[in-house]
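Features of the protein shown, as given by TrEMBL:
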- His255: active site, proton acceptor (ACT_SITE)
- Tyr25, Arg165, His255: glyoxylate binding site (BINDING)
- 78-80, Ser107, Gln128, Tyr130, Thr156, Lys231, Ser253, Arg258, 286-290, 309-310: FMN binding site (BINDING)
- 1-360: domain 'FMN hydroxy acid dehydrogenase' (DOMAIN)
Amino acid sequence: MENITNVMEYEIIAKEKLPKMIYDYYASGAEDQWTLQENRNAFSRILFRPCILVDVSNIDTTTSVLGFKVSMPIMVAPTAMQKMAHPEGEYATARATSAAGTIMTLSSWATSSVEEVASTGPGIRFFQLYVYKDRNVVRQLVKRAERAGFKAIALTVDTPRLGRREADIKNRFVLPSHLTLKNFEGLDLGKMDKTDDSGLASYVAGQVDRSLSWKDVKWLQTITHLPILLKGVLTAEDARLAVESGAAGIIVSNHGARQLDYAPATVMALEEVVKAVQGRIPVFLDGGIRRGTDVFKALALGASGVFIGRPVVFSLAVDGEAGVRKVLQMLHDEFELTMALSGCRSIKEITRSHITTPWDPPRITPRL
């Protein structure tokens, strides 16, 4: 795969390679898929204000996330059922992410368990959590993640019910029979029944707790010492409540545009959330990141880092571990180049003045 020059090319090849049901599961969004398009399009409305004649012979992309040093502010988001994309699935993603010196978030609905992913070797890993109706299942999962050396919990807060993903309904999506949701295998919750619509939607309706509320964020803190990130915050009001609830951080996310269609693009919601938290906790972003320029724009708007989802599963489908490594390397290199061309030598030098957005007030040019 020597001639791939950008992240988007992996999706084109993955579409040819994967069975339709699996490609559609990874690629599609909810209902009209307006938010799916908007997650990408919104980035194109944010423009640069580069600083020239800055000595950029040395660029440092390193940063820290919840106290952990990472090679770049680009991390791996939780994406479910990665063995549908490639036989090595989450094992390959874990190795590639660790080699890149950044953080992997493992999905609750992974096709490899927390223990299996930990067995791939050292690496900073977070665990994404869905809260099941049976709280003993949640307790067990969290304890297992702790024992396996995971460093944080990313609690998904935007999925009391599964969004209406029409491609999955048409395809009657179901996890292929040779695979299981490995974290739940011993709990008789690892299989998904075939239904007349989406097997995943039926599974969620049966297992995931619709009553999840702010009090459960507090409860989660009583069962784990790990920091808790809230994944799925889009408004200032919820951002303030997240701080009050003791969250260690926020991931501004619309679930890859798979939940509520016509929710804003995450990069459009980002600044509102950043302003609301007033620096008390870090804010991250996922959704629509395909270029190093996108990463820079998110950081200029106040994000401490970004997470990538679909680029990981599509590169995994095309070229396994090497594909994921290449995606992370390409994004790193593009981001580093964007920093240089914008006159920024370190992450802390990236500021709001390096970009202009459609909602900025008109700039007053001083008279000479």
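Any Cβ shown, glycine's included, is placed from N, Cα and C.
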(message) Around His255 (active site, proton acceptor), which of the listed binding-site residues (Ser107, Thr156, Arg165) come within 10 Å, judging by Cα atoms?
(response) Thr156
(request) From the binding-site residues Thr156, Arg258, Gly288, pick the residue whose C-alpha lies nearest to the C-alpha of Arg165 (glyoxylate binding site). (result) Arg258
(message) At 10 angstroms around each C-beta, which of the binding-site residues Pro78, Gly288, Gly309 has the fewest other C-beta atoms nearby?
(response) Gly309
(message) Using Cβ atoms only, which residues of the same chain lie under 8 Å from Thr156 (FMN binding site) while being at least 6 residues apart in sequence?
(response) Pro78, Ser108, Gln128, Leu129, Tyr130, Lys231, Gly232, His255
(message) Between Gly309 (FMN binding site) and Tyr25 (glyoxylate binding site), how many Å separate their Cα atoms?
(response) 13
(request) Ten-angstrom check, please: count other Cβ atoms within 10 Å of the Cβ of Tyr25 (glyoxylate binding site), all chains counted. (result) 25
(request) Determine which residues of the same chain, besides Tyr25, Arg165, His255, have their CB within 8 A of the center of the CB atoms at the recorded glyoxylate site, and list them by sequence. (result) Ser28, Gly29, Ala30, Leu162, Gly163, Asp168, Leu200, Gly256, Arg258
(request) Pop the Cα-Cα gap between Arg258 (FMN binding site) and Tyr25 (glyoxylate binding site) into the table, whole Å please. (result) 10
(request) Have a look around His255 (active site, proton acceptor) and count the other CB atoms within 10 A of its CB, chains all included. (result) 23
